[in-house]
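Worksheet for the structure shown next.
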2 protein chains.
Amino acid sequence: MNNDLAIAQSVTPRPITEVAAALGLTLNDLELYGTYKAKIGYSAIERHLNDPVGSEGKIVLMTAITPTTAGEGKTTVTVGLGQALCRLGKRAIVTIREPSMGPVFGLKGGAAGGGYAQVIPMEDINLHFTGDMHAISAAHNLLAAAIDNHLHHGNRLNIDPLTISFPRVVDMNDRALRHIVVGLGGKQGGIPRESQFFITVASEVMAILCLSNHLSELKDRLGKIVVGQNRAGEPITAADLKVHGAMTVLLRDALKPNLVQTLEGTPAFVHGGPFGNIAHGCSSIIATKLARRLGEIVVTEAGFGADLGFEKYCDIVAPTAGLPPDAVVIVATIRALKTHGGVRKQKLDEENLAALEAGLVNLERHVGIVQQVKVPFVIAINRFSSDSVKEIALVQDYAQSKNWLVAPCDVWGQGGKGGEELAAKVLQALEQPAHFTPFYTEEGSLFTKMETIAKRVYGANGIALEPAASTQLRWLEKNGFGRLRVCMAKTQYSFSDDPKAGGAPTNFILHIRELRLSAGAGFVVALAGDIMTMPGLPEVPAAENIDIDDTGRIVGLF
Amino acid sequence: MNNDLAIAQSVTPRPITEVAAALGLTLNDLELYGTYKAKIGYSAIERHLNDPVGSEGKIVLMTAITPTTAGEGKTTVTVGLGQALCRLGKRAIVTIREPSMGPVFGLKGGAAGGGYAQVIPMEDINLHFTGDMHAISAAHNLLAAAIDNHLHHGNRLNIDPLTISFPRVVDMNDRALRHIVVGLGGKQGGIPRESQFFITVASEVMAILCLSNHLSELKDRLGKIVVGQNRAGEPITAADLKVHGAMTVLLRDALKPNLVQTLEGTPAFVHGGPFGNIAHGCSSIIATKLARRLGEIVVTEAGFGADLGFEKYCDIVAPTAGLPPDAVVIVATIRALKTHGGVRKQKLDEENLAALEAGLVNLERHVGIVQQVKVPFVIAINRFSSDSVKEIALVQDYAQSKNWLVAPCDVWGQGGKGGEELAAKVLQALEQPAHFTPFYTEEGSLFTKMETIAKRVYGANGIALEPAASTQLRWLEKNGFGRLRVCMAKTQYSFSDDPKAGGAPTNFILHIRELRLSAGAGFVVALAGDIMTMPGLPEVPAAENIDIDDTGRIVGLF
């Protein structure tokens, strides 16, 4: 029982119809994918979302301190908290992202929780699942094919091929597709030009799917995708190419939330999985809205630390979807705090109270971010076996001295039972009043929004736009995109744009290198660093160990 | 009621559990994909295939005369014949290919039958269906990524990048991906080289899936895929790159047959869809073998005319799978016969008995091919509204004068009812003895096999290998591939390699330009012409008309 896959396979799941029935969903509301997975049909979604007298659950938003290679286990705590709340008699539902398949074959590690706090069936969830990623790839690549097809057939829209910014996507770590030339081979091969492949989760189509309330909004947003410019410098959209309807058709099932369960039978919606830097990094709003109608408490997760995913939830998701958080959990680990205090990976197993204390500045900075949105919060200390009693006590004492709610948990090793203390604190936080306020208002300029995030969230002195970004800003303002929201693409390893600056750096300027328009998603991505949109495989990819045994069972997945 | 989609949507399908129950399959045997689609689980497959006392149904193999742009409707007749056999009280099952999604967005037209002889739900079947195409794309592209990753990380196997013949695939008509350069962008972008994308159905992985009897055979065949050569000129396989296990994991569900139904509730396995020229063009053997155990009569379809798909069924599928046909149906249309008699498309609506009579040479040639394998056959005249009474009578009289079984049918307009006469003739054919004999024996050389097909099937005087093909032949023989089967990739529009030579050309030499190894599929593809492995979109793609209406229903699909 020493790996996630073995633990996941050791549990006999409840039929998904039973999990659904506990939420008041009948067989007619479900589209089954085998025995343990289901999508929720549109009529059920509409019935619940439009119910004028329906109850509305509370939203607990999961975030974390600045991630390190030591690992924080945010998804594991999210799943475990859901399990623990159920143990305390609450009707809790977990909503998390669908993992990307590509990385599964690269480095060891899934994205469906871990240990005794996982969503299952984990093999399915980490591989094809219900086909959402494939549908997103197909819808995305249909638009990409339509662009090059338009160039080939005379270019009626007068698209300038050098301005085409819309890539193709594949759900695979494939370094050789990062930079390519397409359209070779003469007259029958299209128009030659440089282009790129992104991994599917980096597609704007993914971000759009996760921010759409219903099919017609999805189509509207898809139509707004800007793929490049004409020779007059004006934006060219998917609607100009007339394929947004067909893209919507390809996404008709993908927009329906996927219901699965945790190892303890807690219902979980695993739906949508946008990147946490060039997109907003949260699971679909349609799943979270539905979960809020079906459950008493929805535990949902934002990407990376509070500076990234949490900010994006507050400034993009919550205002777009009308989903203000009622409480926030900040996940921290002793190992990560010690890393922020200067300890190297090799020494993390040793007790080091001085380094731990030094690392608390990182936690404090994240708490400061969360406090600004005026929502109660709890600090979760996600235990590892190497943590000493004194180390745990130090963090608890520190938090209590500040009057912060805090609880250690061991959901990895004990499942929901190991999260009961945390769950109790979360219930306590939910009793407190919340007055949710985003970091910026919608009316501000793009520059103001970027500056606000940099100062209020990252603690920067200000921002500096590199020349390319300044040019892009003028184009965006001139073409009607000057009031969109901002999606900051920054390293997750630091509050600053320097991934080596752990802890709580101060006195820095955030450098914005590039602005990328995601008009369908409704935001402008501000790149404050190199953001990898297509990962590569390592020298010995995990794929070499993944296999089918003689009984047809998957082995070596993690 | 004038288009296929409207007809398909007008019928309320039976729940797939009910269709399955009629075949003796219980809920435990099924993996449901919604209410109207299911995959059959491995335990059910094994139980039936290994049952020593199980009954074994008859196989009716559907082929056609040389196709023309007028359309023969072979899939429609296949589906309609299944419906008609059920009307006559037989437990018939239809097994056909899964359509490729790419062409759906290109030219109008699906691949799930037509009119009142369709498999449903046709929107699903023509789009994502149960995800098989996506799984095949993913498995294929994992191997492609592993190749370039291997080059990037030092190239331990000493692969010569210029010999890599394994492309990437996408299920999209995307001309600009026909010829590309990958690996650009400097040190982080991999090793630059020329490469290609094929459409997914042209993947060797697809051919392998359709020829595998079980998971371990699938893995074994995947491991044998030759991706290129090392610098000593020796073959490099997927097993050398150690990703065939992970590829099998990705295909674990895709190998399970998909059960759907016709508009009249006849069970249909729609599973696997390899190209009809660079692959063998038949649906999966696992589905057909299972259907033979579950039904009295299996109606299955081979690609294109008898010279192509039928030959491949007889020489590749039947010996590989142990699935000899018990009867053959040759589908012909008055319009196609007139085309072979020299009538232009614009004049096909006019009665033209002289041209029709001239075109019968094409039918005769196909009959001659079928007669060689010593299996009884029936000629189906697939009726169109433009056919005159005299035209139908002419073909019937001609066939009867030869003592051939013949029947007109109108399954497009009338469903199974319109196929009852044909079904009766098929039952009559099944009463006759069959002594199935393939065209060539396994022991022959590649050259002998190619020559045999050219002479016996195409009516050629012989074959001529172009220099490149001769070089490839020597390499194949030297490296242990000299006794594989041959998969001929020839134009479907003629018995010769000249697509303009309709009717029944004689006195020609078949020119083999290139030999491509599909070691996993177990054959060498002999290319006698330009074979398109990545279609393009037309100037106004069908995608522009495909949309979702306000009720969430798909419109404009066909």
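Count begins at 1; order follows the chain as displayed.
Each Cβ is built from the backbone N, Cα and C atoms, and glycine gets one as well.
TrEMBL annotations: computationally assigned, not manually curated.
Record features (TrEMBL):
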type	residues	note
BINDING	A:T68, A:T69, A:A70, A:G71, A:E72, A:G73, A:K74, A:T75	ATP binding site
- prompt: Can you check what DSSP calls A:T68 (ATP binding site), collapsed to helix, strand or coil?
  reply: coil
- prompt: Counting other Cβ atoms within 10 Å of each Cβ, which of the binding-site residues A:T68, A:A70, A:K74, A:T75 scores lowest?
  reply: A:A70
- prompt: Where does A:G73 (ATP binding site) sit in the DSSP three-state scheme?
  reply: coil
Statement: Across all protein chains shown, the binding-site residues A:G71, A:G73 give the max Cβ-within-10 Å count at A:G73
Task: Return the residue, from the listed binding-site residues A:T69, A:E72, with the maximum count of other C-beta atoms within 10 angstroms of its C-beta.
output: A:E72
